[in-house]
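Encoded as structure tokens, the structure appears first; notes follow it.
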Amino acid sequence: MTTTTQPVRAPSSDKPKKPRRDGFWPWLFVAPLGIGIAVFYLWPIVQTAWFSLTEFGVFGGTTFTGLSNYQELFSNGDLYKAIGNTLLYTAIVLLNVPIAVVVASLLNTPGLRGASVYRVLYFLPYVAMPTAVAMVWRIIFNGDFGVLNRVLGWFGIDGPYWISTPGAAIVAVSVVGLWSSIGFSVIVLGAGLKQIPPELYEAAELDGASRWRQFRSITVPLLTPSIAFLSVVTVIAGFQLFDMLYAVLGTTNMNATVFDSMSLVYLFYQAGFVTNDKGLAAAVAMVVLVLVAVATAIQFRLQKKWVHVD
Amino acid sequence: MNNFSRRSLLLGTLGAMTALAACGGGSDSSAEGSEYTEPAADLKAQLTYSVWDQTQVAALEQNIAAFNEKYPGIEVAISVTPFAQYWTKLQTQATSDTLPDLFWMNGPNFQLYAANQKIDPITGPVEAGAITPANYPAALTSLYSLDGVQFGVPKDMDTIGVWVNKAVFEQAGVDVPGEDWTWDEFQSVAQQISQKLQSQGIYGGAGGMDGQTTYYNTIFEAGGEVIADGKSGYHSPQGQEGIGFWADLIASGGSPSIAQLTDTTADQWFTSGKLGMYWGGSWFRAALAGTDIESDIVVLPLPKGTQQATVIHGVANMVAANSANKQAAHALQAFLAGEQAQQQLGEAGSVIPAYTGTQTAFAESMPEANLQVFLDAVEYAKPLPVSANTTAWNELEVKYLPDAFSGTKPVAEVTQELATQMDAALTKE
């Protein structure tokens, strides 16, 4: 495609243009957004960076302590465990993207009856109240009386106590995360599918391409921008895992397994609001910031290699 | 972005950071609290009152209705936040000095808020004769004083007893033990019930990760301390004996495993009729009211170890130091602590009021169950162990103890680890 239809660039003017001076008007127009970002994002980041270098009183008041919070954080095994759990969760939830690609293209089958009903069904978990969803899953996961273990029992599998066995708990939470994120991906990919010109499929059919071949050679490559978007969003959301973990597993007072299943943000919550070590919590927040930035940078770099852009 | 604005941004950031650094250090407001005189009957004010227990709201609304007969112009809005989120919320409110005018406080969190000048002491109301601390159990009143300043009096009190479901005993063909029972009797009865009713998934006893209703009691009964002179009491023979009690109960099959108890907590096992004996607080009365098993309930004192003991605790109403209506808030605080309101609270039956002489209504609220046990227990009760940052070592308890209870590690090894970590947390305070 690239060989024939290269658009001709408009000829550039001979002299390099002088940067135009627009005065304050552009700044005025970006101000609503700019001020919002500065007040609610940039300024808190600066504050948190400073707090991470201090010992922070329970109700405010700081004492500068240099890098001691970071020292404590990096010498303490909790951080690495939290990173591991967060990565595991993110990896499992990322599976929603390939699943959603398949589901979305099935929903897009021409002549499918009740497609909108299916679309609603897939989207429901995404709009349902997360806490209510978590409560229901808690009951499903219950080791003695839960539906899941009952069903596994029919196949002779003795299911663990999902939310109170170290190792199983984080997988259980990830499954809930995966389940609730598929709907959103299906909608995004569905919109992406609508953008693919039907002529491509018609042409492929004339050339004798099978449905599978069409899926592999047309659908997937042309969906890559949506897929890339979804994976970036999923990774960022994965690094921010807290609510699902908190709602499904409960607090450490209720469930000691939480110590083994902590995510980075849970570690932050624990330090900040439970053990009242807010300086350490700020250090955790900085680590999360750096990790998300690095992960996103890597993704953008890699995307240049596989994302199809017209 | 041009050079100028980039530089000014940097400068601004630096300036802000210096300003922040200068903000350190708390204010030293006096701990004496405000002067108090009883407000005029036509005082107009709006108060918020934060609590965490939904089951007590009905009784509190009665209290407030009675209060409004005296002060019709003071509007009180009750705000209920579940216990797990209550403290996160309260901490945020305290940091921004937006605490509700009146709020519930418990022992483990009290010292933190009092030491940071977040609570207005009751020195004024006591001097004015609106509150008399001598009317409440001394062990409890002392829980809410710091460095000789009294910040509140308990509104209620609770002790721990064993809630027994007689129907389960009957089903298992086991006799309900007498009131003077021992640890050995408890263990053997729990084991017998669990064995006989195994096919129905019913257990005799249950441990759990809540110290106040379980292992604090057994440590006290073994003659030990959870915390004494700023040191952990876990790694002592008595501490180990108190922890071992629950490890033994789970190992013998007398209790569901820790994993099972995490999925379904001991009180849930009990209210669904799948547990014979539940170590629980007197507050559990409210959760039983209206359930199918209510008529099968009887209460026993805790089985005796080396000595008889139980944990006593009570919630207190505190006035926020940042309250704009301190006079009205103290008036409500004093009213809720007074005999009339306490009597009402007792008659509602959800908790035991702390005011001496108002407790009989609680005992009579469930006549068949012998709730008197909880009142008699005051005699040998020990205050809930607390320190300046209680939650920090409470976290360590729930982190280390499950290994001892489940038998994955020997008790002595766990108490050693726990005591070392806990001592480190205590020196930080």
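Cβ coordinates come from backbone N, Cα and C, glycine included.
Nobody curates TrEMBL annotations by hand; they come from automatic prediction.
As recorded in TrEMBL:
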DOMAIN    A:82-299  domain 'ABC transmembrane type-1'
TRANSMEM  A:24-43  transmembrane segment
TRANSMEM  A:87-108  transmembrane segment
TRANSMEM  A:120-141  transmembrane segment
TRANSMEM  A:161-189  transmembrane segment
TRANSMEM  A:220-239  transmembrane segment
TRANSMEM  A:245-268  transmembrane segment
TRANSMEM  A:280-300  transmembrane segment
Contact between the transmembrane segment (A:87-108) and the transmembrane segment (A:161-189) is defined here as three or more C-beta pairs under 8 Å separated by at least 6 residues; is that satisfied? yes
Report yes or no: does the transmembrane segment (A:120-141) come within contact of the transmembrane segment (A:245-268), defined as 3 or more CB pairs under 8 Å with a sequence separation of 6 or more? yes
Determine which recorded stretch among A:24-43, A:87-108, A:220-239, A:245-268 has the most C-beta pairs below 8 angstroms with the transmembrane segment (A:280-300). A:220-239
If contact means at least 3 Cβ pairs within less than 8 Å, sequence distance 6 or more, would you call the transmembrane segment (A:87-108) and the transmembrane segment (A:220-239) in contact? yes
Chain residues outside the transmembrane segment (A:24-43) and at least six past its termini with a C-beta under 8 angstroms from it: none
